[in-house]
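Peer 1: As annotated in TrEMBL:
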type	residues	note
REPEAT	1-28	repeat 'PPR'
REPEAT	64-98	repeat 'PPR'
REPEAT	195-229	repeat 'PPR'
REPEAT	296-330	repeat 'PPR'
REPEAT	397-431	repeat 'PPR'
REPEAT	499-533	repeat 'PPR'
REPEAT	600-634	repeat 'PPR'
Amino acid sequence: MIRAYVRVNQHEEALKLYVSMLEKSIQPDKYTFTFVLKACTAMSDFERCILIHEEVVRRNLESDVFIGTGLIDMYSKMGDLESARMVFDQMPDKDVVAWNAMISGLAQSAEPIKAVDLFKDMQFIFRINPNSVTLLNLLPAVCKLMDMRACRGIHAYVYRRAFPVSVRNALIDTYSKCNHPNVAHRIFLELTGKDDISWGTMMAGFAYNGNFHEVLEMFDSIKTTSLKISKVSAVTALLATGEIGDLGRGKEIHEYAIQEMIDSDIMVATSLMTMYAKCGLLDKARDLFWGINGRDLVAWSAAIAAFSQSGYPQEALSLFRDMQNEYSQPNNVTLVSVIPACAELRAVRLGKSIHCHAIKASIDSDISTGTALVSMYAKCNLFNFALNLFNKMPLVEVVTWNALINGYAQIGDCYNALEMFSRLRLTGLHPDPGTMVGALPACALLGDVRLGGCLHCQIIRYGFESDCHVKNALIDLYAKCGSLTLAEFLFNKNDFAKDEVSWNTMIAGYMHNGLAKIALAAFHSMKFESFRPNVVTIVSILPAVSHLTCLREGMTIHSYIIKSGFQSHKLVGNSLIDMYAKCGQLDLSEHIFEEMKSTDTVSWNALLTAYSMHGEGDRALSVFSLMENRDIEVDAISFLSVLSACRHAGLVEEGRKIFHHMRDKYHIEPDVEHYACMVDLLGRAGLFYEIMDLLKTMPMEPDGGVWGALLDASRMHSNIELAEVALKHLVKLEQGNPAHYVVLSSLYSQSGRWNDAGHTRVKMNETGLRKTPGCSWVEVKKGI
């Protein structure tokens, strides 16, 4: 009866029956304990497990191979590997099942290398032949270690023996997770008797490595076989369509799922939701969720994850609140799904309340929940909380370290990001591709191409270079460090399976190096090679159009934005406002702003900047007042834009008032650029005494912008004395800039001081400086 309850997963009933058995003075035997241990393990009831172990010891049954194996399995699944190993080492006779249980426990632990060592001991010291279960238990450890040598050794062992197809499927999975999808695909092609799991595993392997077009090709191929497409294959195909944003293919797979009557399955329905969400059809995704009959906690968790991962964190939080009305106790899967949404929205208060719930439910020590919380605190810049939680976690895996490394890198704290990377390596854990993707941007921010090259060497040694995300991070590193030749070399390598991110990175790299025309050419090449530009592409290329003031090109891209449905994205709207303003179309900038359904501080700042560059000071002041009245957050950029508008329009009194409000009302400390604006504003009005008082109050040293503004004002009002003071500082700060000498020489000439003008010209020539000739350009047809 106890065994029967265990088999149908009624573990509490099995344990109640065991207690009744003891109460009736019926002595349990070794089989009783085997089943009872399974029930305890399934319920994760550690205290009861300890009591049963004590009872086993009292009855001298610990050496029994079945009970010993049950104890090893129990302690392994509870995370107590030390106790599991103690039981294993004390067993006098160990069969292959006992070895398998211990290997499985170690493979799932933080030290998977011990599983590989035990596998070697099993064969070479104890002369026990592994079976298919041994290999299936061991291969997850090989995946964690990214150990290609061990993978090849196991592959050779399997190749020489007749193992079932499940082992070869596991090899496909292992090679894929070790970033060698080409080898995995070779095994798949050579495999006789492929089943639906073989196809699903290979498709999942391609998806894991970002080869989404290959996933869809396999999906088309499997339809030509006699096999029925599994739910896993359908889910993977939907994942691929979502990632590449191919709504047409997504709809085709949806229709196929309806024909095969698997669309109502929770896994497939969730993948459909995610696909539609990633393709921008939020209403369709929402309708699919509410159409699922008998929604359980799993369905809610899956829906929250779908919206959170697809870039709709607000929708994910809304669903989480709706879910709490039906299920007051979310599980760890739900929490792991909703915590990233809190991080995205910087909803710290809700994140902390979820953390409290996790502590009360005793799931805060769960590796996935703990990692999600560490990541959330890091993204919210609460590193004290993140580190405190990190240090208290009983088990820390590479992904937890990655959360901290990425968190530091994202806020620009390069030194702490790289220190965490060093500490990770000292623990003996091997970095994974995610670690490198976190560490490389830190090197890029530092501009340290030498350190980045060292990381590149490690990437090659670990075999991560074929990983698309790692390759993109390397391209970004070299581009930001000015090594465009290396970036282009990696980008153009024949074995590199580019994706949209690769193109976006290269376009951004060209823009970072001031090569707007080449960036625009890369954008056209991307479309020519049948890659679909996404929101990031658009936001990256519009500054190139702005830089070149190429209005025709900008309007063409705007048309593409409308056709692709990207106009609802705030980032795109903000970029369009800026682009039209810089191309001289202020009315179009206003039109874009008015049409935006949702605006933020950046949107308002873009409009402020547009008015500023067009000399519309009064309208800029009106927009700034509107921001204050509507409680829209104003930041340092808002003040810089409105001050710049005041200086262009000569609005001295208004500029003074705004500058003082910046510190007194909004508690924002002016930066050197704000001081440069005020110097220019006051200088144009000839208020030089006020300028000198302002310079004395500056908490930082004036830079070239401040002294340059003073020099221009001095030229405008023929104030040679102050012009000479400004030039004295500018020569020290900007030694290679000839413009300042030209301004002073012109000022001397206007005042009739021809000797001084001549001396200035001679001094300029002696230092090897040449006046940069002016230039202008005009757009003719498709050329500039």
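Note that Cβ sites are derived from N, Cα and C of the backbone, with glycine treated the same way.
TrEMBL does not curate its annotations; it predicts them automatically.
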Peer 1: Which whole number is the mean pLDDT over the repeat 'PPR' (397-431)?
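Peer 2: Taking every residue of the repeat 'PPR' (397-431) together, the mean pLDDT is 90.
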Peer 1: Restricting to the same chain and to residues at least six past its boundaries, which positions have a Cβ under 8 Å from a Cβ of the repeat 'PPR' (64-98)?
Peer 2: 30-31, 33-34, 37-38, 40-41, 44, 46, 49, 53, 56, 104-106, 108-109, 111, 126, 128-131, 133-134, 394-395
Peer 1: Would you mind splitting the repeat 'PPR' (600-634) into helix, strand and coil residue counts from DSSP?
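Peer 2: Taking the repeat 'PPR' (600-634) as a whole: 26 helix, 0 strand, 9 coil.
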Peer 1: DSSP-wise, what's the residue breakdown of the repeat 'PPR' (296-330) into helix, strand and coil?
Peer 2: 27 helix, 0 strand, 8 coil
